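> Quick one: this structure, given as structure tokens, is what I'll be asking you about.
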């Protein structure tokens, strides 16, 4: 029962309700959420401020590419949803479009940081609500602090990466699933129906954010279907709502199939097209080389992903303790046979084990061979799981210790909060893994993009440019060149036969279609400069001598 005061019907004095039991699991009230939301907002703004001052918002090439896709929706010769592409799912880019209009926010990355900040705050609030349905209030606070103060998550909150959005969706899907199951079992059809429809919308959003969401959505549908199957009376009352929930759930994948069919001419273009994970792995693997570690090896993939999740979650080797506490919490949750819906937070583990083994998704971390950096951020999806189930394990330990060591139990929660703060400080001191990966892998790309941007700013204003914008759109971003100044895909492919006649400037990267076109049709092109950077294809900049009105707006 709420502790908020109530006035009598005639405006009598304030009546204080009975105090809540601090050792009881109770849903969070509105007044409980306010300090959590304020804390999340403060942490998010601090993260963005630090990232902006240190220039780390645009380190990830994927962040630059996400912003480029969002910008392409509003800044091309033919703007619209056709510019979304066919591999990365569209929701993150659509959320950036209200902010991407401003050139300065595109250039400095703030167009991606604002949506990530909102998702971070919403995710933290949802996680606290979820934790309050599983844990007593003091341990729910510990779990939420562990999630909210994770240095890797705070860094990603300042970028255009998709992790903050998907984590928020996964948390809320788990929360609403748990509430829906409880409403069905308690024979509350109105509450169950509302949550079921809301759950369908959340699943649709998750499906349109990351492919992990497809598996999560299928798992949630099975949970709801099984719960209804066990409750015949509620099944009859909610049959129509369940059909609507099912239609919304499958609408996401079907919509993406249709989009790929219309714009990619293959309904599975995202799985087998030129930008799919399989093709990227094939192109980036040297001829005759062995596959990455974990390929068709589920045991190694399990160890690799679990280790990545540990390092993402906690500093030094303390991730082992976090994992051990989480496994204990998992066992206790299964044993209790209540709130099993929270087990949905474990979904990323089998998903990524399969993806590494059979989905051409490598992960490299410095702790394991080959001691490199690649896709370490995927381990972040286990953070809510570690936070919640680790706190479940600690809470059970506190209950067991209370009659034996009451003084120890009294200090357990504040000590854990202090350790969480120290964990964040230590991770920042040593550089969080996700940030370190971005720093290591971005040096060559940023050097090339900066050099190319310096050339772009010397071009005549408005002069059309022929270049592949997929890989190095960051050069246009740095130079502040509108994307509509580059050739559209249809004009681009036509121009490959006569590059000097279609654009005032031509920029090729070693091995791309433009480079092949210049080699085949060099007439009328004068090479201005060659730009090279470690680990990147060399860029060649040409000026056209045949373009009608070269250097002027077409």
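Using the three backbone atoms N, Cα and C, a Cβ is placed for every residue, glycine included.
Per TrEMBL, the feature region 'Disordered' maps to 1-23. For 1-10, the entry in TrEMBL reads compositional bias 'Basic residues'. Marked as transmembrane segment by TrEMBL: 36-60, 113-131, 138-158, 196-226, 238-259, 313-334, 340-361, 382-401, 407-428.
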> Are the transmembrane segment (196-226) and the transmembrane segment (340-361) close enough that 3 or more Cβ pairs fall under 8 Å, when only pairs 6 or more apart in sequence count?
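In contact, yes.
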> So if I exclude everything within five residues of the ends of the transmembrane segment (113-131), which remaining residues of that chain have a CB under 8 angstroms from its CBs? That is, six or more out.
27-28, 32-33, 36-37, 39-41, 44-45, 48, 51, 57, 92, 95-96, 99, 105, 139-141, 143-144, 147-148, 153-154, 156-161, 164-165, 167-168, 171-172, 174-175, 178, 342, 384, 387-388, 391
> Mind checking which residues of the chain, 6+ beyond the ends of the transmembrane segment (382-401), have their Cβ under 8 Å from one of its Cβ atoms?
127, 130-131, 134-136, 139-140, 142-144, 146-147, 150, 152-153, 167, 170-171, 174, 309, 312-313, 322-330, 332-333, 342, 345-346, 348-349, 408-409, 412-413, 416
> Of the listed stretches (36-60, 138-158, 196-226, 238-259, 407-428), which one yields the highest count of Cβ-Cβ distances below 8 Å with the transmembrane segment (313-334)?
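Stretch with the highest Cβ contact count: 407-428.
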> In terms of Cβ proximity under 8 Å, which residues at least six beyond the ends of the transmembrane segment (196-226) contact it?
89-92, 162, 165-166, 169-170, 172-173, 176-177, 180-181, 184, 238, 241-242, 244-249, 251-253, 255-256, 341, 344, 347-348, 351, 381
